[in-house]
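J.: Found this in TrEMBL, in case it helps:
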ACT_SITE  HIS97  active site, electrophile
ACT_SITE  GLU170  active site, proton acceptor
BINDING   ASN8, TRP9, LYS10, GLY176, SER215, GLY236, GLY237  substrate binding site
Amino acid sequence: MKKLMAANWKMYKLRGEAAATAAALVACLAGKLPADREVLVIPPFTALGGVGEALAGAHGFALGAQNFYPSPQGAFTGEIAPEMLTDAGCRYALAGHSERRHILGEDDAMVGRKTAFGLASGLSMILCVGEKVEERQAGQLEAVLARQLTAGLADVPADVTPEALAVAYEPVWAIGTGLTAGPEEIAGAHAVVRAFLVKRFGAVGSKIRILYGGSVKPGNAGQILGIDNVDGVLVGGASLDADSFAAIVAA
Ligand code: PEP
């Protein structure tokens, strides 16, 4: 499996800037995208069209969505359905990002519904998990990851493919703070996630990609990507600039 290099643009960028950044990213990586890497751009909903056009035809690039509601359609004002995302060109979507869990109040059960429904709708899902600083300090890392993975993957079919499912380990205390988890912290948490995936999915669990997220930058990406069981990165702040994200992709 290629390493998955994901840019989460959160609630940043109007349509023009988003399309221009995506086009610049494609230009920066033209002829330089390592063969073992896949680039995923996850812009705000309003920019999906323009970013999709900028990525169209660029080999090794995919479009993703930050969120959706787990229903095919219906009276859910303000929400968006997975089929609307695939119709807009998305191949991937996130579920359980820490900002949705801790700012928007999404619980484990809703994250699980989204993961399963997104898969059933043809999206490849990236399930995000990670502990808060007080949970780590209280020695609860493994318990928190087990709880989030159990609920997040509860209704995922046993025959899921490694192309369709990835897990992003993102310690909450490292997201957007400039604090990066150290190599041992990353290796330890990824080993916990890997063991869970192998227990849950057997041999497929050893192929499901585990991304690291939390203040990844051009200067630390190479080291992080060299850690055992790190199969890609999920990048927020440092993905907003094309040169900076291209440097991470090529790290
Ligand atoms: C994220 O948005 O998932 C993230 C890890 O953000 P940042 O890279 O800014 O910490």
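Any Cβ shown, glycine's included, is placed from N, Cα and C.
What's the neighbourhood like for these features in this structure?
T.: For HIS97 (active site, electrophile), the same-chain residues 6+ apart in sequence whose C-beta sits under 8 angstroms from its C-beta are ASN8, GLN66, ASN67, CYS128, GLU170.
In this view, GLU170 (active site, proton acceptor) is surrounded by 28 other Cβ atoms within 10 Å of its Cβ, with every protein chain counted. In the three-state DSSP assignment, the secondary structure recorded for GLU170 (active site, proton acceptor) is coil.
For TRP9 (substrate binding site), the Cβ neighbour count at a 10 Å cut-off comes to 23, with all displayed protein chains included.
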J.: Counting other Cβ atoms within 10 Å of each Cβ, which of the binding-site residues GLY176, GLY236, GLY237 scores lowest?
T.: GLY176
J.: Using only the Cα atoms of ASN8, TRP9, LYS10, GLY176, SER215, GLY236, GLY237, which the record gives as binding substrate, return the largest interatomic distance in Å, rounded to a whole number.
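T.: Between the most distant Cα atoms of the substrate site, 14 Å.
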J.: Which residue among the binding-site residues ASN8, SER215 has the fewest other Cβ atoms within 10 Å of its Cβ, if you could check?
T.: SER215
J.: Around ligand 1, within a Cβ distance of under 6 Å, which of the binding-site residues TRP9, GLY176, GLY237 show up?
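T.: Once distances to ligand 1 are taken from each Cβ, GLY176, GLY237 fall under 6 Å.
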